[in-house]
There are 4 protein chains.
Amino acid sequence: MEFEESGIGEECGVFGCVAAGEWPTQLEVAQVLTLGLVALQHRGQESAGIVTSNGAPSPTYTTLKGMGLVSTAFSPEALLKLRYGNLGICHTRYSTTGISELQNCQPFVVDTLHGKIAVAHNGELVNAHALRKKVMRHGVGLSTCSDSELITQLLALNPPMEEQDAPDWVARIKNLMTETPTSYSLLVMFKDVIYAVRDPYGNRPLCIGRLVPISKLHSPGAGEQDTEGWVVSSESCSFQSIGAKYYREVLPGEIVQISKHGIKSLSVVPRPEGDLPAFCIFEYVYFARPDSIFEGQMVYTVRQRCGRQLAIEAPTDADVVSTVPESATPAALGYAHQSGLPYIEVLCKNRYVGRTFIQPKFGALTDNFAGKRVVLIDDSIVRGNTISPIIKLLKEAGALEVHIRVASPPLRFPCYMGINIPTKEELIANKPEFQDIAGYIGADSVQYLTVEGLVSAVQQGIASHQEDKMISPTNKSSKRVGHCTACLTGKYPVELEW
Amino acid sequence: MEFEESGIGEECGVFGCVAAGEWPTQLEVAQVLTLGLVALQHRGQESAGIVTSNGAPSPTYTTLKGMGLVSTAFSPEALLKLRYGNLGICHTRYSTTGISELQNCQPFVVDTLHGKIAVAHNGELVNAHALRKKVMRHGVGLSTCSDSELITQLLALNPPMEEQDAPDWVARIKNLMTETPTSYSLLVMFKDVIYAVRDPYGNRPLCIGRLVPISKLHSPGAGEQDTEGWVVSSESCSFQSIGAKYYREVLPGEIVQISKHGIKSLSVVPRPEGDLPAFCIFEYVYFARPDSIFEGQMVYTVRQRCGRQLAIEAPTDADVVSTVPESATPAALGYAHQSGLPYIEVLCKNRYVGRTFIQPKFGALTDNFAGKRVVLIDDSIVRGNTISPIIKLLKEAGALEVHIRVASPPLRFPCYMGINIPTKEELIANKPEFQDIAGYIGADSVQYLTVEGLVSAVQQGIASHQEDKMISPTNKSSKRVGHCTACLTGKYPVELEW
Amino acid sequence: MEFEESGIGEECGVFGCVAAGEWPTQLEVAQVLTLGLVALQHRGQESAGIVTSNGAPSPTYTTLKGMGLVSTAFSPEALLKLRYGNLGICHTRYSTTGISELQNCQPFVVDTLHGKIAVAHNGELVNAHALRKKVMRHGVGLSTCSDSELITQLLALNPPMEEQDAPDWVARIKNLMTETPTSYSLLVMFKDVIYAVRDPYGNRPLCIGRLVPISKLHSPGAGEQDTEGWVVSSESCSFQSIGAKYYREVLPGEIVQISKHGIKSLSVVPRPEGDLPAFCIFEYVYFARPDSIFEGQMVYTVRQRCGRQLAIEAPTDADVVSTVPESATPAALGYAHQSGLPYIEVLCKNRYVGRTFIQPKFGALTDNFAGKRVVLIDDSIVRGNTISPIIKLLKEAGALEVHIRVASPPLRFPCYMGINIPTKEELIANKPEFQDIAGYIGADSVQYLTVEGLVSAVQQGIASHQEDKMISPTNKSSKRVGHCTACLTGKYPVELEW
Amino acid sequence: MEFEESGIGEECGVFGCVAAGEWPTQLEVAQVLTLGLVALQHRGQESAGIVTSNGAPSPTYTTLKGMGLVSTAFSPEALLKLRYGNLGICHTRYSTTGISELQNCQPFVVDTLHGKIAVAHNGELVNAHALRKKVMRHGVGLSTCSDSELITQLLALNPPMEEQDAPDWVARIKNLMTETPTSYSLLVMFKDVIYAVRDPYGNRPLCIGRLVPISKLHSPGAGEQDTEGWVVSSESCSFQSIGAKYYREVLPGEIVQISKHGIKSLSVVPRPEGDLPAFCIFEYVYFARPDSIFEGQMVYTVRQRCGRQLAIEAPTDADVVSTVPESATPAALGYAHQSGLPYIEVLCKNRYVGRTFIQPKFGALTDNFAGKRVVLIDDSIVRGNTISPIIKLLKEAGALEVHIRVASPPLRFPCYMGINIPTKEELIANKPEFQDIAGYIGADSVQYLTVEGLVSAVQQGIASHQEDKMISPTNKSSKRVGHCTACLTGKYPVELEW
């Protein structure tokens, strides 16, 4: 629960959709895009952008961008402008740099000699600084500090363009991938095609879904011939809201072409020999919506397993187990089941916390725990200033003891691959008071899940599910399991250049 | 959970505060009022109003009113104007009539020969129509259709005023109470006093809290001499956020005077011989926040008991018990404990449901229940159009069976005492399809809690708690237990005039 | 020009319209009302209100109120609600008291035993304080400090109402007029009738126009049978924008009934023996739009005559005459014609003066006056702080001399009849520096028009026009000429009670 | 007056300021910039942008952009961010293309290998299309369709950049000027310098002013040592509002460097042999504020001379001369003086024309002209649909005859140098009804100023003033007189490429 308050944030969510068949299709692409984007809203609330193309040989692109939530960024009148799109990509952005300007809002669209391309990006290029220099040395002025603009200019630059040439965007994307190893999940739209790209380490998620007519959504015999269109998204939770079926993940290093004719895997750019995949383990711990599926398993299930593992690693002599609602609830239920202690609610959320007033976020359900020893499960303690008043509230309301069990290891290191983590100095795990964290926050005891426990809780689900559910047509090696735990361990998947 | 979507609504929440001691006191009354009001926001989101008085012999009243939530209705600049108040009352309003104008916003303030009075009202006068005629026959023009204006004009009218007379507001309030039996919880502010009034049937809630210095909030020896001020509120949940201690309920028929000198019970107007109190049972079932206390018991506990009772009345042959989050969760946990079935989560809430887009409110946590028989607890089924898509979602995601158990009886009758209930025709319990409600909503079975079960779940807690916790200094008879169940049974506490 | 900046303000503008013939008529009453109200916007920019009635036996009233200009106060969606009106009244308000709340916004509508009445008022009741006491002694609470609410409650109170009685609003209006002599121009709407009322002194303006089909607007043979409806307005300038023909003024003391059947003079309540009419002379000097007609003469013409009179009273040895645009231009042209000096422009207005920035309102047209002696005509000097920087600007740009000639006498006394004038202490004419006003503001000389000169400039036009243009069917005595000059002379038309 | 309604528009206004001396200086650069920009608001109301630099060796740039008027585009909070600037440039934009997006808002800022440059541009590159191709062929993606982005990328491209090189922006600007002959007045900011650039034809205006301490503003002995800073602006009217003294124009083809050390003319790029300067004659006729100075003469004076010339070319047998306020007033006064006919006002402007309502913009001052023959001077007739209802209004109010005299020649050709003119088809001068324009608009006669008359009215003022007032240190040939009259004659100063 502390994550919510901590300023930790994912860079972005990306979403795309291509209608099957010739334009004008029946599919309301603009509606699919906005619904899909709303379902990714938890990945970024600062700004939102949508670009659609009507898919014609000389296509018209329509761009909408706005600050804030999707629902406020776009007026119904503005959305009408997107009506004639046959395909489109969209993006929702988290403010990482504090520069919250409309001009940093994605997708980024530029005109090139071969026509307009639009790019939506989730992640952070580890060698962005060197790449910016390279582009500028070529005489290109960069108007924003966003990686997305940098990517579009890199795509335009290399190789040099001639009007008479056919535009080979796949070659340009491969060039790009050789210049920067991670971290990116990209959607590149050109005329009537979307290229869905995941970096060779698979650091950020990206998956594909199939739009099926409502009438056939649950018919087992519905084949690909019934496809109304294809969607691609940072998370599969966005598929439910648009009636799409989960199809598969884009593999680490893969370039998938999505067009009105269907999907096609064009290439899988390999990692350096010996490197494991490095999917961000924090997607499981915190960022993703619990109903999303990564690597063949539901995020909620992983969180519940973390709770079970925590009960094994850090058992407690107490009367009841409870949660800091809502994000820690699966772990709390897992802890309760594993430990055999009864699960109760101790806090009720106040839905109307005002922006203007400092209003407590929770009310205490006093009669549920007065006179009892409580194990309170939280998903994280980042700065320590959120859990402290909750413990005070519970004790004042009559809790005999409050034991904090945290369903993830302490954050200790910065992330250079797209996650906004407080500075090393701000992280409680790096402060002297961490030595007596329980005393510092007023708890009777505090224990964290170990890194090994977390990795095990994540990976044991992959072992059992991977084989039958995940489709990986071309590159067997990419299935090997590995996760980025840099923020917990300081071990980064690639060497960092600065 | 259906209540939220059903348009069922409480009329209002009222809140008041008086600083102890002489003006200017240390207490930031305006801040206490706004925090208290935010905590009652669930009782009305249409508009909000605050009136403060500086408590001087010729006091200055300051009034703020605005549409929408408290946090948007008042700008920080506007709140500064209230700064010099020594006491004040405030109000948050639910839109019942569709006439959502600022002029209907309470508190209502009028100037009289004896000075200004301000009135905040929760409830609905059963004989409002006849009273309006009476007032207008006297030559008074009424500028709104609100009961609150009617109450202020009735207070001003009877008896006739002379400038030289001392203003006897208590006599005027008693006159008012003889003219209208129910339903009202009132705050009447005049100069430096607030009168807290509850109708003889106690139909709407009203309780008193004591502001204690933070340093002494939990010291057992803190006596009344440490009081910084008094607060009065529709619900005790508002006390937590301002550091107030629950003191007691205002009794049915009681007039309590609250001033800088403390609180004083002035009178208890009796009910007709033989009539029981008629506290609205729906406050327990739906309106109140779960951490509020009525009649000596926490609302959450009552809801949990409803779930237990439901498990006894309507047992199910199933694998798991779950909830439609969040309002049905206490009942679901009660049902699970009583039945011995495991409690799991099947739905995750989407926090970013847009106003512009029809976005599903829930995602399915598929892996938790696929292949299982689910008992799904809801707090109500009013129109039947909310639960139906949830059942569909669960079944599509793989639930073998979905059995709906509703932790309250079916609504069948209109309320004339302040609750906005859909017309009789709209209530599903009055429709032909109610005969096969399970088929209609797509469930495998549906069962409701009985009225007797609900009354028992409510009243068994009063029996055990009442004696030691509730203070009722003057009127023993008012303690006798009784509740208004008119919307369930059609039995109204008073005869209705129209 | 200084008036604009001085905070001097009229209380209000009122406007009404009744469609001829049975409902639903062709006339778009809501559009006529809003266009008419926009044309009165110079009389009040604080808030605006419109009430329409569909004119049925049990009519529906629709009310819109909003803060700010008419164009921003009402959204197009809101205006649609007024669509079905057959008649209506509206009001635009100037903020005199600083209490700029929506609840003080007129028209005021109240429900009485005989139905709803709506009142729009321009003016200020000289005995408002005593009347408020009287109403409150009767037991009526007053919810605002506006005279308009007071007038509605007085109309409702006297005589007492019985449901079976026919409502005699004319008798009630006459009762009201006996209780308060001035100052008011009133529109009272009840069901399908508007009563247009002017106080016996005729202190505020009110005139009637006739809506004629566009096709017959300029046909000399168009008779009353071609009337589409009637309008009533504070100023005739509002008739041009709606295609209405000026019909006549409402006379001092007159009650005119306007209905779908036409207009009818019901009564003329007389002044005390010997009292002259007291039409506010400042309507000519400042408030009214120059194209409005009062007492048979165009306001622009009166202002031009003031300029001529000023040239006679205060001739100047100079090279050119100019104006502080735009309000002083007619007087400047009059002065130039009378004096024989050439008229030039010395200032150009900056249309984009920002609210955020202190931006000079004028640019100097240097080449027009460099090296010349300038007579600069202004319409007033109230506080002296507006003209001073203009004189500085002209001198810095090269004017040899700047002589200020003011086309009205100095303001010296407060107004109790509806005009908001700075306190006596703030008026420059009452300050020591007035002794050397030229030195104080940096001019080479300053001279004001005399009171006698102003009265003569106003009244000489009435003498010549009145007989043939003004229709006054019933009361010959009301034609006698007289004007209120209280703010200039301290001679008030009635004794003031406080 | 028709221009206002016609959609004719200038592209932009540009303004810059550099504080003299070392940072932090006393000068509030941000305030000078905003006040200067407000004074150019008539040149563009669509959007506004400001960029400041703190002038340090590694400077921080702060950028603000917003839609609408300067006063609404920037909140006071936002302006605070600019506080620490030592120099800055700003821009106000007119919507020419209908694409009114924030991303087209100037100044355009890009990061290059040598640091950030900011560009503000007034004008339109005649060969923009070819230049875009060229840039894109180099592999640069263009994110907007604005010339300003194109100019920044051209500056960055040529010659190729190396980090070790010193950045020679002047050489880059000269390169740019060889690639595009017109039309541009540019401000280029880099670190602590602003380069002010005018194209070789001098098509758009640009002039320099000197900020002098208020105390010395009018002291004849104030020398350059008293300079607080330098400003550069599209028009000198912006100098009055900030207390700056007019210094001189930037010459056609000149590059002026403005820094904390003062101003320095770096170069004057010549025109092709034989080409005259081509300052846009429409700046005199319509765009500029009347108090601005071009080529040594006040714009108001030129307009007055146009009126005199018109009276010579098109005399009228009439009784009075009047104006369509406000833009035609100088010409009307000139016509009146030349013709000897009296000048009167016939129209009063309604200040409160609502956006929501179609409200007449003028009221008729009937008594001034009823029964008379009126010569009405307008500054233009573009489409003919604005003057027509005015003539109707005057005739209905009693004018015997209405003769229209237009103080500029008819518009017949499109502009490719920055002015948005209706399509050739929409211009009334190209329509059949122009043959009987008087009949078409309902006038008794219509006559236009001739092109020769206009050119003579403009150029006779230059002859007499130029020598002593205009400073042109380096390039004698650039003083030769010439103006662009392409929109009137179809003779463009350069050959157009498409």
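We count from 1, first residue shown onward.
Here the Cβ of each residue, glycine as well, is placed from N, Cα and C on the backbone.
TrEMBL entries are annotated by machine, without manual review.
Noted in TrEMBL for the protein shown:
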ACT_SITE  A:Cys12  active site, nucleophile
DOMAIN    A:12-261  domain 'Glutamine amidotransferase type-2'
BINDING   A:Cys280, A:Cys415, A:Cys484, A:Cys487  [4Fe-4S] cluster binding site
BINDING   A:Ser327, A:Asp378, A:Asp379  Mg(2+) binding site
Inset, instruction - To the nearest whole angstrom, state the Cα distance for the pair A:Cys415 ([4Fe-4S] cluster binding site) and A:Asp379 (Mg(2+) binding site). - result: 19
Legend entry - For the residue listed as 'active site, nucleophile', the number of other Cβ atoms found within 10 Å of its own Cβ: 27
Inset, instruction - Can you see whether DSSP assigns A:Cys487 ([4Fe-4S] cluster binding site) to helix, strand or coil? - result: helix
Legend entry - Separation of alpha carbons, A:Asp379 (Mg(2+) binding site) and A:Cys487 ([4Fe-4S] cluster binding site) (Å): 15
Inset, instruction - Using C-alpha atoms only, work out the spacing between A:Cys484 ([4Fe-4S] cluster binding site) and A:Cys12 (active site, nucleophile) and round it to an integer in Å. - result: 18
Inset, instruction - Find, among the binding-site residues listed as A:Cys280, A:Cys415, the one whose Cβ has the highest number of other Cβ atoms within 10 Å in the structure shown. - result: A:Cys280
Legend entry - Coarse DSSP state, helix versus strand versus coil, of A:Ser327 (Mg(2+) binding site): coil
Inset, instruction - Fill in the CA-CA distance, the residue listed as 'active site, nucleophile' to A:Ser327 (Mg(2+) binding site), as an integer in Å. - result: 20
Legend entry - Rounded to the nearest Å - Cα separation of A:Cys280 ([4Fe-4S] cluster binding site) and A:Asp379 (Mg(2+) binding site): 16
Inset, instruction - Starting from the Cβ of A:Asp379 (Mg(2+) binding site), draw a 10 Å sphere and report how many other Cβ atoms land inside it. - result: 25
Inset, instruction - Count, for each of the binding-site residues A:Ser327, A:Asp378, A:Cys484, A:Cys487, the other C-beta atoms lying within 10 angstroms of its own C-beta, and report the residue with the smallest count. - result: A:Ser327
Legend entry - pLDDT averaged over every residue in the domain 'Glutamine amidotransferase type-2' (A:12-261): 88
Inset, instruction - For A:Cys415 ([4Fe-4S] cluster binding site), just give me the three-state DSSP call. - result: coil
Inset, instruction - Identify all same-chain residues not among A:Cys280, A:Cys415, A:Cys484, A:Cys487 whose C-beta atom falls within 8 angstroms of the centroid of the [4Fe-4S] cluster site's C-beta atoms; report them in sequence order. - result: A:Asn203, A:Ile281, A:Phe282, A:Met417, A:Ile419, A:Thr485, A:Ala486
Inset, instruction - Specify the secondary structure state of A:Asp379 (Mg(2+) binding site) as given by DSSP, simplified to three classes. - result: coil
Legend entry - For A:Cys280 ([4Fe-4S] cluster binding site), the three-state class that DSSP assigns: strand
